[in-house]
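Marked as ATP binding site by TrEMBL: LYS802. TrEMBL lists 1069-1085 with the feature compositional bias 'Polar residues'. The domain 'Gnk2-homologous' annotation in TrEMBL covers 461-567, 573-678. What TrEMBL records for 774-1054 is domain 'Protein kinase'. Per TrEMBL, region 'Disordered' is recorded for 1064-1091. Among the features that TrEMBL reports, transmembrane segment is placed at 710-733.
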Amino acid sequence: MGCDRISALPDCLITEILLWLPTMDSVKTSVLSTRWRNLWLDVPGLDIKFLSSNANTITSFIKRFLEFNRDARLRKFKITYDTSKGHDPFGIREWIATAISRGAQHLDVVYTFVRYMSFKEFMPLDIYKSKTLVSLKLVEVGMSNPDFVVSLPCLKNMHLEKVTYSGKDPSFMEKLISGCPVLEDLTVFRSSDDNVLVLRVRSKSLKRFSVRSNRWSRIHSREFVLEIDAPGLKYMKLGDQKSERIVVKNLRSLFMVDIDSIFNVGSNTNLEMKKDTIRDFLNGISCVRHMIVSQLTLEVLYRYLGSNIPMFNNLYRLEVSRIARLEHMLPDFLESFPNLKHLTLCVVYLPSSFWQCIMYLNHLNVEKHEGSIVPRCLLSTLECVEIREFTGEETRTKKKIMKQKKEPLMNVARYILVNSLVLKKLILILSPATNQISDIAKELLTIRKGLAEEPVVNVNGSVWDFPSHSSSPSPQSTFSKNLNSLVASIPLLHANTYNFYNLSVGDISDQDRVEAIGVCNRVVLSVDCRSCIFQAALNLTTSTSPQHREGYWRSTNCMFRYSDKPIFGVLETNPVFEALNPNKSTGDRDEFARLQIELLNGFRKRAAAGGSKRKYVQGSGPGPNSSTFFGAVMCTPDLSENDCNDCLIFGFANATKGRTGLRWFCPSCSFQIQTNLRFFLHEYEYELDPPSDQEPGLLDNWSQGVDKTVIILATVGSVVGFAIFVVCLYFILKRKQRKEKQRHEGKDVVENQIIDENVLRLDFDTIRLATDDFSPGNQLGEGGFGVVYKGVLDSGEEIAVKRLSMKSGQGDNEFINEVSLVAKLHHRNLVRLIGFCLEGQERLLIYDLFKNTSLDHFIFDNDRRMVLEWETRYKIIAGVARGLLYLHEDSRFKVIHRDLKASNVLLDDAMYPKISDFGMAKLFDTDQPCQTRFTSRVAGTYGYMAPEYAMNGKFSVKTDVFSFGVLVLEIITGKRNNWSPEDKSSLFLLSYVWKNWREGRVLNIVDPSLIQTRGLSDEIMKCIHIGLLCVQEKAESRPTMASVVLMLNASSFTLLRPSQPGFYPGDGESTSGSPPTMTLNSVTITKVDPR
């Protein structure tokens, strides 16, 4: 019965099913029905495992298959052969040529004979000029060097495994790869007899690249080089043990890298040259977000570079596999990852066979670096750590290991718990043979105590809780409220170039007044300083009891301190923190300490003389035995010169002596001194501010020598004036040259980052003519990234042109986002990108023109709002919801918009909504749609921002849900989100809606023009309810857009009770009747506008 039903299918469907079966299985199916016997010859694919000794039968079958219907395209040709079984390689070469001539899209050729065969060169030259190949896989075959240009215009995937290349042309691989303009995935497995000295990979389209070779193959006398230049590369796996040099360039898009390479350490290359080569490689991949490192690679890095590994500021996830001596390497290694959030460690106890590899490294003439577990306040961002334990043998070795105490593993766990400030989860996966799980868990629970939020400890799937130390909740005091208000105001501070902030909340005579100071190291960028201080303030307030009325928190890059007593300009040297390098000085310790103090004292005098905004000096000085000391000293700028001197002298006297590295901190000052340059980002010393007060001089004798003074001043003035003129002229010419260079190079820089251009590309003159040379009369609006103009093309089509501002630092970023994202997103509720223009510094985006402009021109206008009846408003709400659902779940590229607001919702002639402006949009992992990501640059519009995004930089799909909820409430009320009623100026829209919702007076918040709407009150109530669900304070409580669309479309649906909205930046309701006075950088403000 089943056979008859299958046979009833159309011929085209049966052949499509047979295509995905091995050829032999496909032929066997002909016994199911006589009708099938002729169909298998029409199947557009051949998958032959040429392993049997009956070669003649298979040969005749393949010839018959390839000769049948020669005009039909062959989509797939896969053959596995073995010349030792009598298979004719010349015949196979002809079959491959025939398959290519029939338009094969997928070609796999696998040679399985294990012994080395001298004859491998049989791939036909036709393979280099196929116009249809999409994927190519070659295993253990030979490739000859063509004497013509390679052209594979459709090839996207290429797999070359142990391929032998004829000839000695070192550019063969470069020629092959450059002939594949759309190549996205490249895998190369280099054989031991590989004769390609330079494997050069240059491709603008390449997204995934993997290279590997046999470990510990024979050492070659020749130098093998791997060069990678791929600006679009996202995933890279390096398992190449042959290459002595790995050179990477332009890896701007690199997201993940897996490194398992020893950089051919057995070669005779100069030691310093080897160090420079490895360091240059690491600098080339320093933009990566996710990195996997093997044991041997880590050994090589640690032995060659020690603690001098370059900084990976973008890395948030690190996996280190097969670590055996982790507890010695960990502190130095983690210093290079200041923003790490997720760490996975594999602690492996391996048999002696593995250590032969390590012994090989031990014999190299490389300086050995040692380290130990020392608290360094490094792990200020680490949230999740996973430690896995494995053993290499199942019998004697494992039993021996289980008997000994797991000291290395426990050292690592202790270090993580002690030094991780915001750790949320510690996961231990121990060997099944471990019988100490309970003891290990209990020991870990004794390490971390006294913090408000302890991390979760998970050992082999069992969760162990820290002993509770929290008391019963008490009402929040006025001091706590003032402190929370102060902390919440930090992200709103205006950035300054001196990285110093003083804040206060409360009247000066109030006993609950809070004063605070925040300061960052001079090397921290001003845009990052506020985030660092805010994170320090959060860490401090969440880890101390609400009853504490003063606190101090110090991280690697910044300090935050608060008190209920005056602290501005007040010296404080308690508490004291000290971090030491475990290595002690060798030789004369007294001389070592003397030179350290001599250098620091010189810095102290200069720092104390600094102005009221900066007291920081760094530099270098002579050390013992021709070495060099690098040091830095800093006081909080509010201190006087005498107090700064006293603070640093106190620190010098009490700090530990004779260490090669030292960091010393107290609330009012800090200093550090190292023998390692990597702790300082700049080699020069920063220029100091002039002293705030002029030193007294001999002013009483000013009248003497007046004539001489006039002459000196005139001479100096002339020289200085001429010098200023020369400098200004130099900078004017330099700026002109730089602009000219940027005009020529800017186009190439942006083009390299645009992934797709599936839209019309117009020239600048056409757009200028269409907009009447960007006439002000055609201007439709202006945003943060440029101006929008109305235009008319020669065809009569009306367009909207967004001209990105050349002064905007984010212009190129928005341009790339719009072209690469919007061009791929197609939905009736998303704006359509017609085309773009890229010439010189001009960045133009061309859209459909919507004469109704945007939603804000209607709902916030008293006259035009009357046009929006409830049916129209509901259509807009539902359309925006469907557009967001498409972005979050239904499109190929899952997108978070991040800037949804009324002005970014355009309306067509039928008042259907179109979501626009994707300049702030971000892609997210399709497997984790609710995954939370972080950004140090919070961008968007206050009032529409979710609290977790505005305050902490956390964003997810729930960030868009919050913005959608605000938009829904604006549509229903007709009020902007920063609107407040006249009688209650402390309330904003969200708090006003929430207050009336709780009191059952919903009609107070509905737009008066909708009050007369009959029979639709339930629908309006449902939308208000949905809006409040979307703006809940906790992100996890908000619904997904799929749930929102379901709620909007369902006629009967039970809605959950909403919780309190995220009132940003504050509740708006003050128990004292008026908001507290807040002092930010000495400027008093009585109200914080969320806009």
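A Cβ is built for glycine as well, from the same backbone N, Cα and C atoms used for every other residue.
Looking only at the domain 'Gnk2-homologous' (461-567), the predicted model's pLDDT averages out at 75. Annotation note: LYS802 (ATP binding site) sits in a strand segment as assigned by DSSP. Note on the residue listed as 'ATP binding site': other Cβ atoms within 10 Å of its Cβ, all shown chains, come to 24. Across the domain 'Gnk2-homologous' (573-678), the DSSP tally of helix, strand and coil residues reads 39 helix, 32 strand, 35 coil.
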